[in-house]
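Quick notes on the structure that follows.
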Amino acid sequence: MVKVYYNGDIKENVLAGKKVAIIGYGSQGHAHALNLKESGIDVIVGVRQGKSFTQAQEDGHQVFSVREAAAQADIIMVLLPDEQQQKVYEAEIKDELTAGKSLVFAHGFNVHFHQIVPPADVDVFLVAPKGPGHLVRRTYEQGAGVPALFAIYQDVSGEAKDTALAYAKGIGGARAGVLETTFKEETETDLFGEQAVLCGGLTALVKAGFETLTEAGYQPELAYFECLHELKLIVDLMYEEGLAGMRYSISDTAQWGDFVSGPRVVDAKVKESMKQVLTDIQNGTFAKEWIVENQVNRPRFNAINASENEHQIEKVGRQLREMMPFVKQGKKKEAVVSVAQN
């Protein structure tokens, strides 16, 4: 059974006298920095010159280059996209990691897959809120919080767990509950969820349903409504009440269709494919492919992305969403399964 920690379980004043550097000031960085600051913790921000630098200053933070922030800090939280972390770490953080400091992440990818190899004389842990930055910030302001994960990779001081929990408390996570895990478990389950269910599996399912209807002669607009637009209603019900709560809220006809047809679509073969996806994550195949793809400037990524953006479901969706003033249009990218961009 997972171990969960709350505010009352966490030692007081663990971060007193320590300086925390937030590296990156996107959605998560913004939330972490403000929440920690309002929790009475000494926070600075390390970020490149640009909009994020200016925004951090306007929010009242002391802002430095990444190297300068890392040099000053006792605790360095890296909140950059996975694919940027190794380069920034090697160029601007590594040499500032003197003995006794703590190196912190919100996702274990680069440490688990050995793209970042921390020195042996620093603590290494992760604190990962299970929600996007705007939610981490909003719930904190409301006196609540978003559940978070923490894991210890390297405990040189003997105090890494206390420090990790104190950090989680500082961003509001311990108000909701902080769950203990490992870098391996956090990384592999996060990647699997993204690939097999939340992003890869779901988008493939939606497209397959849309194509099945349109290829059978149904109007693409109706196919869009039934296979994509109405998804939010169902997901919101599952989010709030679980599968059983969702089924309670839908019609009996829909529920019966769920029972008899769902297993025909997601059958044993699909589950076997999911197991292969998990194996590729566990043995490092996916990580190697993604690392190489970034090293050669993402030719496959860019080609697939361009092709997907031209799918009929996108064209129909853009037209239909113009009829829906209640749907926010635009390019806002608030990722719920990863840390925010710098």
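Indices start at 1 and increase along the chain as displayed.
Every residue gets a Cβ built from N, Cα and C, even glycine.
Here Swiss-Prot flags His107 as active site, drawing on sequence analysis. Swiss-Prot lists Tyr25, Gly26, Ser27, Gln28, Arg48, Ser52, Asp82, Glu83, Gln84, Gln85, Gly133 with the feature NADP(+) binding site. For Asp190, Glu226, Glu230, the entry in Swiss-Prot reads Mg(2+) 2 binding site, with the evidence type sequence analysis. The annotation Mg(2+) 1 binding site is assigned in Swiss-Prot to Asp190, Glu194. Per Swiss-Prot, substrate binding site is recorded for Ser251. Here Swiss-Prot flags 2-181 as domain 'KARI N-terminal Rossmann'. Residues annotated as domain 'KARI C-terminal knotted' in Swiss-Prot: 182-327.
Spacing of His107 (active site) relative to Asp82 (NADP(+) binding site) is 8 Å (Cα to Cα, whole number). Ser27 (NADP(+) binding site) sits 19 Å from Glu194 (Mg(2+) 1 binding site), taking the C-alpha atoms as the reference points. Residues in the domain 'KARI C-terminal knotted' (182-327) partition by DSSP class (helix H, G, I; strand E, B; coil) as 122 helix, 0 strand, 24 coil. Cα of Arg48 (NADP(+) binding site) to Cα of Asp190 (Mg(2+) 2 binding site): a distance of 28 Å. Counting in whole angstrom, Gln84 (NADP(+) binding site) lies 18 from Asp190 (Mg(2+) 2 binding site) by their C-alpha atoms. A separation of roughly 45 Å, to the nearest angstrom, links the Cα atoms of the residue listed as 'substrate binding site' and Tyr25 (NADP(+) binding site). Cβ packing within 10 Å was compared across the binding-site residues Tyr25, Ser27, Gln84, Gly133, Ser251, and the lowest neighbour count falls to Ser251. Among Tyr25, Gly26, Ser27, Gln28, Arg48, Ser52, Asp82, Glu83, Gln84, Gln85, Gly133, the residues given in the record as binding NADP(+), the maximal Cα to Cα distance rounds to 19 Å. Remark: of the binding-site residues Asp82, Asp190, Glu226, Glu230, the most isolated position is Glu230 (fewest other Cβ atoms within 10 Å of its Cβ). With all protein chains in the displayed structure included, the most crowded Cβ environment within 10 Å among the recorded positions Arg48, His107 is that of His107. In this structure the alpha carbons, written CA, of Gly133 (NADP(+) binding site) and Glu194 (Mg(2+) 1 binding site) are 18 Å apart. A gap of 32 Å separates the Cα atoms of Asp82 (NADP(+) binding site) and Glu230 (Mg(2+) 2 binding site). For Glu194 (Mg(2+) 1 binding site), the Cβ neighbour count at a 10 Å cut-off comes to 18, with all displayed protein chains included. Ranked by CA distance from Glu194 (Mg(2+) 1 binding site), the binding-site residues Tyr25, Glu226, Glu230 have Glu230 at the top as the closest. Taking CA atoms as the reference points, Tyr25 (NADP(+) binding site) and Asp190 (Mg(2+) 2 binding site) are 22 Å apart.
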